[in-house]
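Below you'll find the structure, written out as structure tokens, and then a few comments.
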Amino acid sequence: MDDYEVVEQIGRGAFGSAFLVIHKSERRKYVVKKIRLAKQTERCKLAAIQEMSLISKLKSPYIVEYKDSWVEKDCVCIVTSYCEGGDMTQMIKKSRGVFASEEKLCRWMVQLLLAIDYLHNNRVLHRDLKCSNIFLTKENEVRLGDFGLAKLLGKDDLASSMVGTPNYMCPELLADIPYGYKSDIWSLGCCMFEVAAHQPAFKAPDMAALINKINRSSLSPLPVMYSSSLKRLIKSMLRKNPEHRPTAAELLRHPHLQPYLAQCQNLSPVFKPVVSKSEHNTNENRTGLPPKTKSAKTPIKHNQESEETEKKNKDTSSSSKDKERPAKSQEMSVISTLTLLREFQKKSPKSEERAEALESLLELCAGLLRQEKFDELEGVLKPFGDETVSSRETAIWLTKSLMNVKRKQNDDETNI
């Protein structure tokens with residue numbers, strides 16, 4: 001620590017503290033993370049040493065920059081770049097209910113996906129993706145940090161330890177099933193939902209209720225200001241079956257993210273869209289995601305060969321035939337929205353605007369119906385009819401409409 005001046009303590013956790021420091025000769029700000037080794041189990045000590053070793057080898061523009069590390073007085077000290085914007089949790093609190101623009105949200109999502117794709121391509125599973133581990137620079141770019149729970153996977157390996165933060169844990173981890181890279185995709189989906197909605201994707205008063213919500217993928221509607229494309233991207237990361245979740249590389253190929261991807265640093269050409277218009281339409285209609293692609297290979301210094309970590313996962317196009325059944329009201333809302341959107345999108349750009357408005361209306365109505373707020377539901381739908389209708393009639397009409405669309409969706413799947 002002789003080369004640094006301590007300015008203040010900026011964080012404290014179960015295993016250590018973080019300090020804002022200034023390098024004496026460079027006069028540049030850094031963060032020193034001190035991880036206590038005294039009174040820790042051998043497993044915790046090993047994790048601290050592993051974090052020090054791992055982060056020194058990571059080289060990505062969207063991962064916190066490593067500066068130095070050492071061991072002193074039963075502590076592991078890790079020096080990384082300082083992000084003036086704080087973390088995403090702090091950003092949400094400071095916004096005071098004002099939602100971020102879709103442009104900003106998409107830019108952050110792309111940067112995080114590039115960081116995760118880099119990690120996965122180098123066999124690193126983060127395992128603790130959450131808003132407090134995502135940092136913002138003064139230029140409003142993201143940096144992924146805190147690799148204390150990260151794991152380096154061997155070829156075809158899966159992880160099995162139950163680690164992480166409960167609200168961001170995927171269903172397979174909670175079910176004590178070995179998990180892989182798709183667990184990070186789930187956690188990122190939780191983060192993006194929270195940044196968009198200013199509330200956790202899954203929240204409950206106790207662990208049993210939380211697990212139940214996660215297993216049912218019981219999500220509240222996202223704010224109406226965001227497009228249906230962005231909402232579908234976030235929800236695709238929160239599919240219960242990991243085989244039906246897209247990889248980071250697949251998400252980066254989505255047409256909706258291309259304008260933001262082009263603005264990123266050190267962009268690999270493999271993420272540029274190359275599918276024909278007909279192929280693009282086919283994939284959009286069935287899954288909302290483009291076909292699989294190989295991710296960019298940027299090896300880190302441990303010199304293990306990069307691999308196509310998700311090659312055994314099924315194509316995300318199977319998501320249209322997903323046999324899992326979440327809560328009925330949630331499923332009906334999603335199915336009806338997607339079916340109507342597809343019909344509108346075949347017509348004109350004006351129809352797309354109407355489709356997005358319709359999606360927001362249906363999500364709101366489904367939420368009110370689920371909560372049995374029939375009076376509010378009546379108020380929402382009253383402008384669409386010439387005569388006043390009772391809340392009971394409104395609820396019956398909405399339920400029948402959603403069920404009819406569901407039947408149509410099932411018929412369409414049977415005919416494919």
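Quick reminder: no glycine exception, Cβ is built from N, Cα and C everywhere.
Annotated domain 'Protein kinase' per Swiss-Prot: 4-257, in sequence order.
Taken from Swiss-Prot, the feature ATP binding site applies to Ile10, Gly11, Arg12, Gly13, Ala14, Phe15, Gly16, Ser17, Ala18, Lys33. If you take the C-beta of Arg12 (ATP binding site) and look for same-chain residues 6 or more apart in sequence within under 8 angstroms, you find Ala18.
Cβ neighbours within 10 Å of Asp128 (active site, proton acceptor), excluding its own Cβ and spanning all shown chains: 19. Look at Asp128 (active site, proton acceptor): DSSP puts it in coil. Swiss-Prot lists Asp128 with the feature active site, proton acceptor, giving sequence analysis as the kind of evidence.
Per Swiss-Prot, the feature region 'Disordered' maps to 277-334.
Positions annotated as compositional bias 'Basic and acidic residues' by Swiss-Prot: 302-328.
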Stretch-averaged pLDDT - the domain 'Protein kinase' (4-257): 92
Lowest local Cβ density (other Cβ within 10 Å) among binding-site residues: Ile10, Ala14, Ala18: Ala14
Ala14 (ATP binding site) - helix vs strand vs coil (DSSP): coil
Distance, Gly16 (ATP binding site) to Asp128 (active site, proton acceptor) (CA atoms, angstrom): 16
